[in-house]
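As recorded in Swiss-Prot:
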type     : residues                                                                   : note
ACT_SITE : HIS50                                                                      : active site
BINDING  : TYR53, LYS92, ASP495, GLY532                                               : ATP binding site
BINDING  : GLU94, ASN533                                                              : Mg(2+) 1 binding site
BINDING  : SER95, HIS96, ASN97, HIS98, ARG117, GLN241, GLU313, SER314, GLN315, SER535 : substrate binding site
ACT_SITE : HIS96                                                                      : active site, proton acceptor
BINDING  : ASP118, ASP269                                                             : Mg(2+) 2 binding site
Amino acid sequence: MTIPNSIPITPELVASHGLKPEEYDRILQLIGREPTFTELGIFSAMWNEHCSYKSSKRWLRTLPTTGARVIQGPGENAGVVDIDDGDCVVFKMESHNHPSYIEPYQGAATGVGGILRDVFTMGARPIAAMNALRFGAPDHPKTRHLVSGVVAGVGGYGNAFGVPTVGGEVEFDERYNGNILVNAFAAGLAKSDAIFLSEAKGVGLPVVYLGAKTGRDGVGGATMASAEFDESIEEKRPTVQVGDPFTEKCLLEACLELMKTGAVIAIQDMGAAGLTCSAVEMGAKGDLGIELDLDTVPVREENMTAYEMMLSESQERMLMVLEPSKEEVAKAIFVKWGLDFAIVGKTTDDLRFRILHQGEEVANLPIKDLGDQAPEYDRPWRESDKRGPLPANLVDEPADYRAAILSLVGSANQSSRRWVYEQYDTLIQGNSLQLPGGDAGVVRVENHPTKALAFSSDVTPRYVEADPFEGGKQAVAECWRNITATGAEPLAATDNLNFGNPEKPEIMGQLVEAIKGIGEACRALDFPIVSGNVSLYNETNGVAILPTPTIAGVGLLPDWSRMAKIGGAQDGDHVLLIGTDGTHLGSSIYLRDLLGRTDGPAPEVDLHAERRNGDFIRSAIRNGQVTACHDISSGGLGIALAEMAMASAKGLTIDLSESRGPAHALLFGEDQARYVVTVPADLANFICANAEGAGVPFRRLGKVGGDALVIDGVCTIAVEELRNTHESWFPNFMDGKAETLAAAQ
């Protein structure tokens, strides 16, 4: 269907483009006339939440974004952090939530493709990927179909492109029944003096289109990603993009080759809102206008209109400002890789965004008002209600501790994710040192004998719902802790803030308070936010998701031969708890999964204790004093011990007699800033003395050996039984076995 440019602009048409009446009035005021249909589409794309961050920008500015190692913070395609020796790591996390619910395979695949492009647009070769996935209740009729499609899409794209998936999360909760979350992370390596930015420079320079041809897929995708869902959701399927990882691999190689020639003045990938967003961002950042001639855009469908070409989200495309003298060199590279190379416009000095099509000017708009001066809102918000304390003595103990531990390790949310990550290529490129299933993924830095990078992605949405401020702090602290548990120094983070409708003050309040908590934790832990993404309107029929501010972080290991793993325990090692005894059962999985309760406050995050305990752990690991390390998070000490026993295939004999408090709080309390370590017997006294000297709380828990987890006076479980229970839930669920669904309920 061909859409003419002269469609009358009605209030219904404006509303269907996601623009509020007052926003349309502002457009009329800005341009002094009624917009053309193409112009309406451009405003709709650039002024939606997905591109403008209009509800969150005010609060995002409060986050710490600088640090001794930060080369490039937010505002570019990805963040850039120095890792010494002239190397840097380039990384970002981004959501592809709405498309993945509508079309799970392509939605997830193009989410991976988009984040990889963000990284190599900066001049970095991708070396690692992660994904944080949230699905509805296991017994919801759509959940299994969505899990299957999303996991296949993530694997299908990442594996074919050739990047290892080294970590991530998969969780289930009924609050995601109508809106799943697909948060994709990628990191790449570059030289610190060879980073490419998107800010256009110079007047009259060619604007070049690179990559795959433009089709009608994804038209209006950014607008869809900024709206709530309702019953008409199936009609939105055409707004999901289609990805081709082989084309993207060629685009990566062509771009990196091109970047060595000096031809690139500025470069931007085409993601949300396609050609519109990339051209506007490049021009607005450089205080330049952009003129495009759509007759020169490579297309793969006939009779495409200006509206469709400007808003198509076809994948594997880039836009760049070219050094004119290098045109032939640049073109030859793209022809060699079988990709399109077309000069589609030029930079101008008039700050206008002009679009020509078939000899007609179809758009002429002020570029700054579309880009960095788009509307910004200070939406009303209110603080979340505070939950009262929930002392452990008011929470029932399990009748059978053995059954309780087995039930948790074999539950929907605590069971092994092997079924998922075995569909991902975790070893491609040959540098993976730690694979999914531990605290953090670790990848060796190519061409360096000892250096490696650690990656983790974390958030506990039930904590954020209970207390957005503490939950925001906890997401940062757990990510920092997981990186620390390998022995790496946490360098910086990227955030992916997934929330409901910001026009509701209680939802806006969750976002504001979570950002405040994230900011406080990042400052206390020297863990700046260097890139990120906000996904709002994750609601269906007025029901919002759990607030989910995902934090993904990167850490540096100067010598990977000294790193710690969750499964390194040796017979005869001593088991130590670093941190305080467990006390906190509010908002815990023990409470939720065994007692069916979701009450109680989130655990408090003492950032001073996090820093002190984490620095102590890292130092002990780097000094070669630790054989295995695991942070304590969901499920508390009991689940951490079970996971260590399974990972090392060794028994643990644990004595809680020195610990203070009821056994269910000691074993299932989710107090923060805690680790379990195993240490050689001859170093145990030395490490305990060091902890005492550093003011770090610790407990001697027991020893490694045998083939069972023995918690003295509480329970005994064979490691083999733990592992069978842990490994069976996911495959049984995906096979549709009824007892798995019953257990999940």
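Numbers run from 1 along the shown chain.
Note that Cβ sites are derived from N, Cα and C of the backbone, with glycine treated the same way.
Using a 10 Å radius centred on the Cβ of ASP495 (ATP binding site) and all shown protein chains, the other Cβ atoms total 30. When other Cβ atoms within 10 Å of the Cβ of GLN315 (substrate binding site) are tallied across all protein chains shown, the result is 29. With respect to their backbone Cα atoms, GLY532 (ATP binding site) and GLU94 (Mg(2+) 1 binding site) stand 7 Å from each other.
For GLY532 (ATP binding site), the Cβ neighbour count at a 10 Å cut-off comes to 26, with all displayed protein chains included. Closest by Cα distance to ARG117 (substrate binding site), from the recorded positions HIS50, TYR53, ASP269, is ASP269. Nearest by CA distance to the residue listed as 'active site', out of the binding-site residues ASP118, GLU313, ASN533, is ASN533. Fewest Cβ neighbours within 10 Å among the binding-site residues GLU94, ASP269, GLU313: this applies to GLU94. Of all the recorded positions in the list GLU94, HIS96, GLN315, ASN533, the shortest Cα-Cα distance to ASP118 (Mg(2+) 2 binding site) is found for GLU94.
Using a 10 Å radius centred on the Cβ of ASP118 (Mg(2+) 2 binding site) and all shown protein chains, the other Cβ atoms total 28. Closest to LYS92 (ATP binding site) by Cα-Cα distance, out of the binding-site residues ASP269, GLU313, GLN315, ASN533, is ASN533. Sequence-distant contacts of ASN533 (Mg(2+) 1 binding site), defined as residues of its own chain at least six apart whose C-beta falls under 8 angstroms from its C-beta, comprise LYS92, MET93, GLU94, SER95, ASN183, ASP495, ASN496, LEU497.
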